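**Q** Just passing along the structure, written as structure tokens.
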């Protein structure tokens, strides 16, 4: 069996799913190892790693028992990025970064690029510059004993921001390039699996609020998926796309099967999300070898949950990892130049070195004579002691003979130390005066306290929402416009279906400026 898992991890370094460790150097390796062990897959594909090569650390990339492959964003740091971790028993025969082939090294690449004449070189370079695609090619053996080729395309497709129309164009061009490459691999005789975050909910059943969305099925991304995929289910239908949505093949009518939720609104608590993550396989592969396709909503640590599939094939590992493997990067392979390599050792002439270490006889005689003169000129301290010699430590604790002698002081008699008795009236007057001063100080302190409390009254209490009569939460407008930066109150409950009384109500109130 071959188990595949895909997960948009939303930052591979963010705090690594809550794993705590006293030694930061081993914490990353331990946490990454725990994640891979928890997913329990032969091949794990991660999206949105948000790391670039300059911040990728060895404990994060080199995990015992696995070989890893990364694709980095070349434009922005902490953005996008995908990674594939393969067990040593599933080592690929080839690996490649990007879809266009412009990032290939011609050594250990997957190949089969298809006809890309519709794209310019600049466009292809831009589509591959965000680190959104990573290909690994494996040898698999079917239950019949036949050896075949399987290519995995790990993708993190772009998100179409409604406020940026150019990003929708970018997304659709990325979809087109992905389809061209996948179909070229199929035409070359390889089985193909596209897995990852496609950033599109295909059918209304895959979105929590599809009914209230205008022109849901007219979305360009959904139309593209309609052409890429066959009809739901494994049976032949009117439309025969080259790929099958493996989850809907096994669970065609399962509602609430979501993989992404908003973390701001707490929508995961009420399963108020959408299905953006897929495992798409070519028709022959899904029908013949797929045993199951699943979601893992119980796995926390990201705004997405993992998805996966199990195939009734066995992996035939390659004898050596492809050149793209992170173990061959100079910073991890021990071949990176260090500063000590630039410090060249100075080689001395052997004759000069011997003459420097062994001085001549004449030089040795002069050295002995100089040492003798130095010894003779040194002053030796006398046995009886000298006034110029170093003082003994005890001499500092002896009384000085030249200092003035202190005479005995006349102490006062006992009678002069006794104070006269005070009258009872004086004592009572002092007590009353002390109590009066303490009372005045207390009153003054209370006056100051009440003044500052009236001046600094603190935040006003949160208003109660209209649906549940519970304290609201304060939010800030972040969308550009006239209300940018303004505060408002809304229901504190998690977002959910409008028909669910336990979900957030529609209460809204602007905060008054202070």
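A Cβ is built for glycine as well, from the same backbone N, Cα and C atoms used for every other residue.
Feature list, courtesy of TrEMBL:
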ACT_SITE  156  active site
ACT_SITE  304  active site, proton acceptor
BINDING   8, 48, 197, 199, 303, 304  Mg(2+) binding site
COMPBIAS  358-367  compositional bias 'Polar residues'
COMPBIAS  368-381  compositional bias 'Basic residues'
COMPBIAS  382-410  compositional bias 'Polar residues'
DOMAIN    465-514  domain 'GRF-type'
REGION    358-417  region 'Disordered'
SITE      199  site 'Transition state stabilizer'
SITE      277  site 'Important for catalytic activity'
SITE      304  site 'Interaction with DNA substrate'
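Tell me about the setting of these features in this model.
**A** Long-range Cβ neighbours of residue 156 (active site) (same chain, at least 6 residues apart, Cβ-Cβ under 8 Å): 8, 47, 48, 80, 81, 82, 132, 133, 196, 197, 199.
A 10 Å cutoff on Cβ-Cβ distances gives residue 304 (active site, proton acceptor) a total of 23 other Cβ atoms nearby, all chains included.
Just so you know, the Cβ of residue 197 (Mg(2+) binding site) picks up 26 other Cβ atoms within 10 Å once every protein chain is counted.
Across the domain 'GRF-type' (465-514), DSSP assigns 0 helix, 12 strand, 38 coil.
Around residue 199 (Mg(2+) binding site), taking its Cβ as the centre, 21 other Cβ atoms fall within 10 Å, counting all chains.
Residue density at residue 277 (site 'Important for catalytic activity'): 24 other Cβ atoms are found within 10 A of its Cβ, drawing on all protein chains shown.
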**Q** Rounded to the nearest angstrom, how far is the Cα of residue 277 (site 'Important for catalytic activity') from the Cα of residue 304 (active site, proton acceptor)?
**A** 8
**Q** Counting only residues 6+ apart in the same chain, whose Cβ is under 8 Å from the Cβ of residue 303 (Mg(2+) binding site)?
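**A** Expected: 8, 10, 260, 261, 262, 263, 268.
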**Q** Beyond the listed site residues 8, 48, 197, 199, 303, 304, identify every same-chain residue whose Cβ lies within 8 Å of the center of their Cβ atoms for the Mg(2+) site.
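**A** Everything else in range on the chain: 10, 47, 156, 260, 276, 277, 302.
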**Q** Calculate the per-residue pLDDT averaged over the domain 'GRF-type' (465-514) and state the result as an integer.
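**A** It averages 87.
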